[in-house]
Amino acid sequence: MTTTFYKYQGTGNDFIIIDNRLQIVNKNDTKRIEELCDRRFGIGADGFILLENDEFSDFKMVYYNADGKESSMCGNGGRCIVAFANYLGIIDKVTKFSAIDGLHNASIDNGFVSLQMGNVEGVKVFEDHTFLDTGSPHHVEMVSEIKNLDVKTKGSEIRYGASYGAEGSNVNFVEPISDNLFSVRTYERGVEDETFSCGTGVTAVALAMHANNKTKTNTVFLDTLGGKLQVNFKPSETGYKDVWLIGPAVQVFKGELTW
Ligand SMILES: N[C@@H](CCC[C@H](N)C(=O)O)C(=O)O
């Protein structure tokens, strides 16, 4: 069967997106999804996303990592699917959609998508790193000379390290540029490599920098390999609330694929 697919990118984190409102995709075909995400034998992407109907909101996002397995929340994917829903005419400028971690408010203006992330509780600050869940699990570690870091090697050691067990964690390295701007590089589980940007990752970095008193502002800018993102938040009694991830989401091309 032939299906139209769309390629989107959000600060260089790239996704294959399919309108699956008619349930045309075999969601258990892990091997096919992995093949499509392969950069040499497929279309190439960090993740694969289905847009589906939802009973309680405008649409549902189903997210798979490049390894073909369904995973936890994807912030950049969330921003891209909002742009896709707007392109399809399912939504106008403001929406509420459902993802694996619950309902998300979002809006789109001039190609920029603001996505409300879930409240974050239980930020764990350790001596040399911070761990928190922003819809996906994130290890945040401060480094110097981030430009020269071997993110793939160092990230995979931590991701597979004893403390994160079989589930693993995404791993973010961060270097302050000023008190509200941080340079970030991320190793993503399920891609098993550095990606150009990770939305739940930069959200985790912004909150971790606040929890560690590295910033005093509630608006933080993050420089990634693929561009700049903004995270707004408010401290709550148990963590952070009103957390918003803001940045561009771009349709790159569309094509046809067969299942
Ligand atoms: N790129 C994503 C994160 C996707 C999920 C992650 N790889 C995981 O499995 O935890 C983002 O933008 O948040």
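Each Cβ is built from the backbone N, Cα and C atoms, and glycine gets one as well.
Just so you know, TrEMBL annotations never went through curation; they're auto-generated.
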Cross-ref TrEMBL: substrate site ASN13, ASN65, GLY75, ASN76, GLU188, ARG189, GLY199, THR200; candidate in list ASN105, ASN110, ASN170, ASN232 matching that site is ASN170
Residue, out of the active-site residues CYS74, CYS198, whose Cβ gathers the largest set of other Cβ atoms within 10 Å:
CYS198
Could you say whether, by DSSP, ASN170 (substrate binding site) belongs to a helix, a strand or a coil region?
strand
Extra residues within 8 Å (Cβ to Cβ centroid of ASN13, ASN65, GLY75, ASN76, ASN170, GLU188, ARG189, GLY199, THR200), substrate
ASP46, GLY47, CYS74, GLY77, SER136, THR186, VAL191, THR195, CYS198, GLY201
Would you pick out, from the binding-site residues ASN13, THR200, the residue whose Cβ has the largest number of other Cβ atoms within 10 Å?
ASN13
Residues ASN13, ASN65, GLY75, ASN76, ASN170, GLU188, ARG189, GLY199, THR200 binding substrate per the record - widest CA separation, whole Å
15
